[in-house]
Amino acid sequence: MTEANRILLGVNVDHVATLRQARGTRYPDPVKAALDAEEAGADGITVHLREDRRHIQERDVLMMKDALQTRMNFEMGVTEAMLAFAEQLRPEHVCLVPETRQELTTEGGLDVAGQEARIREAVERLRGCGAEVSLFIDADPRQIEAAARVGAPAIELHTGRYADAHSVAERACELARIRDGVEVGLSHGLIVNAGHGLHYHNAEAIAAIRGVNELNIGHAIVAHALFVGFKQAVKEMKHLILSAAARG
C-alpha cells in the first residue's frame with residue numbers, strides 16, 4: 001500500500017512481445033523492455049501469459065522472474081494449467097483476469113460473484129505459494145464485495161469503459177463509478193489498483209483518486225516509446241501520474 005498522495009506505476013510489456021510475435025523474431029525483447037522500465041522508474045512489471053500465447057511466452061516470464069529488480073505482476077486466467085504454472089513460478093504478485101481467445105484484449109472484469117467457489121480455491125492456492133493475489137474486476141460493488149469474500153487482498157478496477165467513453169458526460173459517469181468503486185474497496189480493507197486503456201491523456205483523473213495504489217499501463221507506453229524511446233515514455237507516465245496523485 002502506498003502512502004497518501006503517492007501512486008505506483010506498473011508497466012505492462014505485453015505489447016513489446018506482440019511486436020516480436022508479429023514476425024516470429026527474437027526481437028524486440030520484452031525482458032530488456034522490462035529492465036529499461038525499471039531503470040526509468042517503474043515500480044513493477046506486468047505480464048499476461050495468455051492461453052493462446054499470442055504475445056508473452058513462458059520463457060519471457062521465467063527470465064523476468066530471475067532478472068527483475070522490482071516485482072512481477074503475473075496476470076493469468078483461472079485455469080488449472082495456469083494455476084500449476086504459477087505454483088512453480090511463485091511470483092510475488094498474481095492478478096486473475098478473465099480470458100477468451102477471440103478478444104483483442106481483456107474486455108471486461110472477472111465475474112467473481114458468479115463463481116465464488118472457483119475463485120476462492122484459486123486465491124487460496126496462489127496465496128499458499130506466497131503470492132499476493134489481486135482480481136481484475138469492474139467497479140461494481142457486487143464484484144468488489146465478492147472479491148473481499150474470497151480472500152483476495154487486492155483488486156484492480158477495470159478502467160476500460162472510462163477509457164473508451166465517447167462523450168464528456170459518459171466519461172464523467174464512468175469516472176464517478178470508478179471513484180465509488182475505490183471507496184467500496186477501501187471500506188472492505190482491499191488494496192485498490194486500476195488499469196486498462198489508460199494513456200497520457202486520461203490517466204491523470206484516475207491517478208488523482210485518493211486511495212488508488214497503483215496504475216498498470218502498457219499499450220500507451222509502448223506506443224509512445226516509438227517516438228521518444230522506452231525509458232523516456234516510462235519517465236513521462238511516471239511523472240504524469242505522480243503529479244496527478246499529488247494534486248488529488
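Every residue gets a Cβ built from N, Cα and C, even glycine.
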Additional site residue, N12, N73 [criterion: listed by Swiss-Prot with R23, G197, G218, H219 for 3-amino-2-oxopropyl phosphate]: N12
Counting only other Cβ atoms and using a 10 Å cut-off, which of the binding-site residues H15, R23, H55, H219 scores lowest? R23
Quick note, G197 (3-amino-2-oxopropyl phosphate binding site) and E156 (site 'Transition state stabilizer'): C-alpha atoms separated, nearest Å, by 13
